[in-house]
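Engineer: Residues or ranges marked as disulfide bond by Swiss-Prot: Cys53-Cys71, Cys60-Cys76, Cys70-Cys81. Taken from Swiss-Prot, the feature signal peptide covers 1-22, and the record attributes it to sequence analysis.
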Amino acid sequence: MKLTCMMIVAVLFLTAWTLVMADDSNNGLANLFSKSRDEMEDPEASKLEKKDCQEKWDFCPAPFFGSRYCCFGLFCTLFFCA
């Protein structure tokens, strides 16, 4: 019984995490699948669109490292670039 409850909680947590981390929460998982299909059609285009830094208001993983993750002129404060 305990194992079943733990499995249900784990599945719910992973589902919520996937929906929260999606770019557009209105589309949820549908948006993730459409991106994968587009990248398969033109893999070179997906490489060119990637950036090495985070834009303004994007998540940055470690505010104590300063502006290492944020684009030029932005600082990492409270886990987002500003």
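Note: Cβ is positioned from N, Cα and C throughout, glycine not excepted.
From a predicted model like this one, the values you see are computed outputs, not experimental measurements.
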Engineer: My understanding is the cutoff is Cβ-Cβ under 8 Å with a sequence separation of 6 or more in the same chain; which residues meet that for Cys53 (disulfide bond)?
Structural biologist: Tyr69, Cys70, Cys71, Phe72, Leu74
Engineer: What same-chain residues, at least 6 away in sequence, bring their CB to under 8 Å of the CB of Cys60 (disulfide bond)?
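Structural biologist: Gln54, Tyr69, Cys70, Cys76, Phe79, Phe80, Cys81 - these are the non-local Cβ neighbours of Cys60 (disulfide bond), listed in sequence order.
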Engineer: Between Cys71, Cys76, Cys81, which of the disulfide-bonded residues has its C-beta surrounded by the fewest other C-beta atoms within 10 Å?
Structural biologist: Cys71
Engineer: Have a look around Cys70 (disulfide bond) and count the other CB atoms within 10 A of its CB, chains all included.
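Structural biologist: So the number of other Cβ atoms within 10 Å of Cys70 (disulfide bond) is 21.
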Engineer: Based on DSSP, name the secondary structure state of Cys71 (disulfide bond): helix, strand or coil.
Structural biologist: coil
